[in-house]
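Student: One structure follows; several queries about it will come next.
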Amino acid sequence: MDMIRPFGTLRMTDVEIVGGKNASIGEMIQGLAQADVRVPGGFATTADAFRLFLRENQIEEKINAKLQALDVNDVNALVAAGKEIRGWVEEARLPAALEDAIRQAYGEMGDDPDVAVRSSATAEDLPEASFAGQQETFLNVRGIEEVLNHVKLVFASLYNDRAISYRVHHNFEHSEVALSAGVQRMVRTDLGVSGVAFTLDTESGFRDAVFVTSSYGLGEMVVQGAVNPDEFFVYKPALEQGKKAVLRRTRGSKQKKMIYAEAGGVKTVDVDEAEQRAFSLSDDDLTELARQCVTIEKHYGRPMDIEWGKDGRDVQIYILQARPETVQSRAGRTLERFELTGKGDVLVEGRAVGSRIGAGVVRVVKSLDQMDSVQDGDILVADMTDPDWEPVMKRASAIVTNRGGRTCHAAIIARELGIPAVVGTGNATRELHNGDEVTVSCAEGDTGYVYAGRLDFHVNRVELDAMPEVGMKIMMNVASPDRAFSFAALPNEGVGLARVEFIISNVIGIHPRALLDYPDVPADVKAQIEEKTAGYASPRDFFREKLAEGVASIAAAFAPKPVIVRLSDFKSNEYHHLIGGPAYEPTEENPMIGFRGASRYRSADFAEAFALECQAMKQVRDDMGLTNVQLMIPFVRTVAEGQRILEILAANGLTQRENDLKVIMMCEVPSNALLADQFLDLFDGFSIGSNDLTQLTLALDRDSGLVADMFDEQNEAVLALMGMAIKAAKAKGKYVGICGQGPSDHPALAQWLMDQGIDSVSLNPDSVLSTWLHLAGEQA
C-alpha cells in the first residue's frame, strides 16, 4: 500500500488515489513540462493512507454515525458536528508508515523547504462537481514537524462545515470521499504577484479569451475575495498568431497583500500606494501566463480554472494547480437573458458575477455565528464571504460583498448556485441595512448594481438552435465593450454599429485635447487626469489603449463576423461634459447640425485628437489582427468632405482596402441619398442612420420635446430617401445596411427594408430576437 506518491508519478487516471487536485498537478508535471508549463514539484499522500489513518485511530465509524444523523440545513447543528469531528481528527496520530514516508519525501525536497500543504478530495474537481475551496490550503509551512501537523489539519478539513453540507447537497456519500494532502514547493509569490485564470469568460462562457485576475503577494487573497484584484482578458487567436493579445485591463484597488510571516505561516500587510495605482502584470507576463493556460486547456480538452503565481525572485510564471471549469462548461444552447424593466436609485455598485437579477430583503452578516439569520430569498450582504458560508449562500437570492473579485470562492459558488453576486463594492455593509428591500442586477455588463426597492424585470429564453432563416442579415448595435461577449451569444451576423462614444465617455471620460495638452492644463483637470490614467505610460497612451481595448473587445467577441466601428460622433455639448471639455468646446445654438462627425476630423483644432482615434483603430487591426473591424464615417455633408476624410485616414495609416480595410459611410444627411452615386464611388458602402436622416429630412430637432410627436422614421419622405440610397448601393454592388433606432422600434419598418433588398438591419440587442422572429413570421 503506497502512503505517498511523488507528483511526477501521477496522471489524471490517479484521481481515486490522490484526488482531483493532486492528480492534475501530476498530470501537468508529467504531460506538459516539455511544453514549458512550469509546475512546482512535491508529493501527495494517498487515499489509502487517509483511510488507514481513520481506521488505526478508530474514528471512521464514529464520524459516519455523526454525519448520518445530521440535518445539514440546521446551521447550528452543522457547526457543532463539524467542530466535534475535526477535533477527533486533529487529536489522532498519523500511522507510523505514513509519517515515515512523509519524512523521507520532505527530506528529499531539500533543507527544510517552505511548502504549501493542499487538500485534494477524491471527488473534487470532477467535471460535474466543483468542490472549489471545500477543504483547506496552508501556505509557507516549513520543517518536518510543521508539515506533519498540517497534513493532519488538511485531513480534518474534509469535515469543514461547508464540505459536509456540499457533499450532502450534491449527493456524495461521506464515506466514499477520501482526502489526499499535497505537499508542494512554494513559489515566492509573496515577493511577486499571483491570482486565478479561467480559459473562458466566466460570465458569458465566451471561449476565445483567457480571463485573468491578479494581485500582489500570495494568491489566497484573490481566492478568498479579501482583495479587489486587477482583471485582464487575453485574446486566444491573437496569442496563437503572435499578435498583441491583451484585450482589456481593469485596475483593481489591491489594498492588501499576504506575505510570509517571520516565524512561518503568513500575514497580511498594506500595499504601497504606488503599487496600488499600477497594474500588477505587464503585457509580457500576461502573454506568457495565457500561453501556459491555453496549453493546459488544449491538453485537458476543456475549459480550465487555474491558480498561478509569479515568483518575485526568479520572475517566472508558475502554475500552482488547475481544475476543470464547471459552470459555463455545463451551459446548454438555451439563451437566458435577464432585463431590468423597473427603475430605482443605485445604492452600491461593484463587479458583476453572472448575468441574472435577484430581489429580496437585505440580511447583513458580519460573522459565521450570524449565518442562521439568513432566510430563503434574502440578499446576503457581507464584508467578504468565505467558503464556510456555503451552507447559507444557497438560501440567498443574491450576494453582495465589500471585497473580492470575480474569481474568488464566493463568485465561483454564486455562479454554481445560479444566483447573481456583486463583489468588491467597498461599502455594501455600510450602505445597505437589514430589512431593506433591494434588487441586485448583474444583467448590465461588468458592473453590478444594487437598486433600492423590488424592481420589475423579465427573462427571455430562446433555443439558439431553433432560430428560423430570414431574408437578410440581422446585425447588432453595440456600445458597451463589457457586454460584447454576452451579446455575441445572441443570433447575429456581426455588428452593424459599434459606437466608440460609450468608450470615450464612460471608460476614458477625458476630453482628448486635455490629454494631449497635459500637463499644461488647470490643476483640477491635471489631478483628475493623473487619477484616471494611473497604470499607463502617458495620458496619450491611456486614450489610445483604452479606445483600442474597447473596440478590440467588441471585435473579438464577434470575430470573424464584420464589426463596423463608427468613429466618434460627439456633438460639442457632449464633448463639453468630459473632463477638461469646457476649455475646448464652442457653445453652439444647435449642436445637432454643428461641429460634429467628419467636419471635426478635418478641423485643424481636432486633427491631433482624431489622429489618436486612428492610432487606436490601427492597433486593433494591425497589431491585434482583428481585421474584421471596418470603419464608418459619420455625418459627411459633401462629396468633397468625404474625399478629404479618406485622405486623412490614409495619412494616419488607415488606407482604404489595404489589409482588407473597408470604409463605410453613414447615410444620414439628405445629400448622401440625393448624391448616393457620387458618395458610393468613394466609400465601400452605406449604413443608413435613420435617426439623423429623419431629423434632417423633416427639419425636426431630435433634442426638442416640442416637436417630438412628429418624429417618424416611417414618414414617406424619409422612406423615399432610404429607398434611393438602397437602390443606388444595389446598382453599384456595394453594401447597404441600416443602424438607426427605427427597425428596433418598428418591426414593420424592418420588413419594408427587407422588401427593398437591404443587406442588413442592425438592431439594439434587446430587440434582436423579437424582430428576427417577426421577420421570419412575415416570410412564412
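Backbone N, Cα and C atoms are what each Cβ position is placed from, and that goes for glycine too.
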Student: Can you match one of ARG566, ARG600, ARG602 to the substrate site that Swiss-Prot gives for ARG499, GLU668, GLY689, SER690, ASN691, ASP692?
Tutor: ARG566
Student: Rank aside, I only need the closest one: which of the binding-site residues ARG499, ARG566, ASN691, ASP692 has its C-alpha nearest to that of HIS409 (active site, tele-phosphohistidine intermediate)?
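Tutor: That would be ARG499, nearest by Cα distance.
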Student: Could you tell me which of these binding-site residues, GLU668, ASP692, has the greatest number of Cβ atoms within 10 Å of its own Cβ?
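Tutor: Answer by Cβ density within 10 Å: GLU668.
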Student: Restricting to the same chain and to sequence separations of six or more, state which residues have a Cβ under 8 Å from that of ARG566 (substrate binding site).
Tutor: LEU497, ALA498, ARG499, VAL500, MET632, ILE633, PRO634, MET666, CYS739
Student: Pick from SER690, ASN691: which of these binding-site residues has the biggest number of other Cβ atoms within 10 Å of its Cβ?
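Tutor: The largest 10 Å Cβ neighbour count belongs to SER690.
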Student: Out of HIS409, ARG499, which of the recorded positions is least crowded by other Cβ atoms within 10 Å?
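Tutor: Counting other Cβ atoms within 10 Å of each of the recorded positions HIS409, ARG499 gives the minimum at ARG499.
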Student: For the recorded substrate site, enumerate neighbouring residues of the same chain (Cβ within 8 Å of the Cβ centroid of ARG499, ARG566, GLU668, GLY689, SER690, ASN691, ASP692, site residues themselves excluded), in sequence order.
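Tutor: Near the substrate site, beyond ARG499, ARG566, GLU668, GLY689, SER690, ASN691, ASP692, sit LEU497, ASP569, PRO634, MET666, SER687, ILE688, LEU693, CYS739, GLY740.
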Student: Are there residues of the same chain, six or more positions away from GLY689 (substrate binding site), whose CB falls under 8 angstroms from its CB, and which are they?
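Tutor: Counting only residues 6 or more apart in sequence, the Cβ neighbours of GLY689 (substrate binding site) under 8 Å are PRO634, MET666, CYS667, GLU668, ILE738, CYS739, GLY740.
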